[in-house]
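Novice: Here it is: the structure, laid out below.
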Amino acid sequence: MTNIRKTHPLTKIINNSFIDLPAPSNISAWWNFGSLLGICLIIQILTGLFLAMHYTSDTATAFSSVTHICRDVNYGWIIRYMHANGASMFFICLFLHVGRGLYYGSYMFTETWNIGIILLFAVMATAFMGYVLPWGQMSFWGATVITNLLSAIPYIGTNLVEWIWGGFSVDKATLTRFFAFHFILPFIISALAAVHLLFLHETGSNNPSGIPSDSDKIPFHPYYTIKDILGALLLILMLTLLVLFSPDLLGDPDNYIPANPLNTPPHIKPEWYFLFAYAILRSIPNKLGGVLALIFSILILAIIPLLHTSKQRSMMFRPLSQCLFWLLVADLLTLTWIGGQPVEHPFIIIGQLASILYFMILLVLMPIISIIENNMLKW
């Protein structure tokens, strides 16, 4: 008798993706983040769906509808904070996932990598629009500042901004369309994630050594299903601790003040996961230059495969490249800190130096160090 799991058209796809998938025998915990991102996406879609049942995307009632969710809806507060902090967990997993890809040379799977970059942009867009919805002070002014950046585009900039706003300022039309996009994008992200996985399964997973592992594969289930379940439990534990003990730790207190176009907050800043990009944006005195640097700070990932000069794929056996990688991590943490600081001395110069170093490491130092390592090994 044939196994329905292996023959039925639907279960066959699931079987070949999550059960009988041949996986490298040596992939470490850094390979857990793909499944964790999937779990984060499911949590966000479910909590978001329940929030959307009670939320109203109208400037007059948006803020009070969020208050109503937290006060009057059964377990509304936990749904709201699971969604808000779930976004933070999502970005932690995203950054670690991208970092893993950089460290172990997973970007050599160019299709998978490029879909991943599109996914990163889509998640960032979704998070930005979601932050506008509670219609607090930081929601309103964050939306105003970030959408206004498009006015730096020559000739069409001003018209483009007014078209996105649906008027002459961030108002009811903007909030309504942001809610619509915020609702639809996670489903587009889900479809893109499926394509991401499709391309990955064309080549098979990379592994820490960067050496092809075709000669040594093990089935995904039970070895990596149990490993992913452990990762998922740790993720849910961290999220639960955050939600139940300090739900506002990563938020901005200004967002508990209803949006007021007549009163600008002293420090306009995005959520923590955008601070590194915000610091790069602010470090360039020219508006268009800042916007280009902001976009390129993420888009630079697309040219990483072209800058791979090493004869080895992974950094596992390349100590000089490892030092540079961790310098890059420290630099990104510095940028994150600077993004949350006011624009004054010494933060301005620190931000500018950190921004220069960020692009220097990725565009110049990494390729040069890789060539030096090749020569040291007489390759």
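One is the number of the first residue shown, and numbering goes on along the chain from there.
Using the three backbone atoms N, Cα and C, a Cβ is placed for every residue, glycine included.
From Swiss-Prot, here are the annotated features:
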- HIS83, HIS182: heme b b562 binding site (BINDING)
- HIS97, HIS196: heme b b566 binding site (BINDING)
- HIS201: ubiquinone binding site (BINDING)
- 33-53: transmembrane segment (TRANSMEM)
- 77-98: transmembrane segment (TRANSMEM)
- 113-133: transmembrane segment (TRANSMEM)
- 178-198: transmembrane segment (TRANSMEM)
- 226-246: transmembrane segment (TRANSMEM)
- 288-308: transmembrane segment (TRANSMEM)
- 320-340: transmembrane segment (TRANSMEM)
- 347-367: transmembrane segment (TRANSMEM)
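On this model, are these features tucked inside or out on the surface, and what's nearby?
Specialist: Listed in sequence order, GLY48, THR126, MET129, GLY130, LEU133 are the same-chain residues at least 6 apart in sequence whose CB falls under 8 Å from the CB of HIS182 (heme b b562 binding site). In the three-state DSSP reading, HIS182 (heme b b562 binding site) counts as helix.
Cβ neighbours of HIS97 (heme b b566 binding site) (same chain, under 8 Å, six or more residues apart in sequence): PHE33, GLY34, LEU37, GLY116.
Here the Cβ of HIS201 (ubiquinone binding site) has 14 other Cβ atoms within 10 Å, regardless of which shown protein chain they belong to.
Distant neighbours of the transmembrane segment (226-246): 29, 32-33, 35-36, 39-40, 43, 78, 81-82, 85-86, 88-89, 93; these residues of the same chain sit at least 6 beyond its ends, with a Cβ under 8 Å from one of its Cβ atoms.
Below 8 angstroms of C-beta separation, residues 98, 102, 105, 107-108, 110, 113-114, 117, 120-121, 124, 149-150, 152-154, 276-278, 280-282, 355, 358-359, 362-363, 366-367, 370 of the same chain, each at least six residues beyond the ends of the transmembrane segment (288-308), sit close to that stretch.
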Novice: Sequence gap of 6 or more, C-beta under 8 Å: which same-chain residues meet both conditions with respect to HIS196 (heme b b566 binding site)?
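Specialist: Same-chain residues close to HIS196 (heme b b566 binding site) (Cβ under 8 Å, separated by 6 or more) are THR112, ILE115, GLY116, LEU119.
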Novice: Which range out of 33-53, 77-98, 113-133 gives the transmembrane segment (178-198) the most CB pairs under 8 Å?
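Specialist: Ranking 33-53, 77-98, 113-133 by Cβ pairs under 8 Å to the transmembrane segment (178-198) puts 113-133 first.
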Novice: Around HIS83 (heme b b562 binding site), which residues of its chain at least 6 apart sit with Cβ under 8 Å of its Cβ?
Specialist: GLN44, THR47, GLY48, LEU51
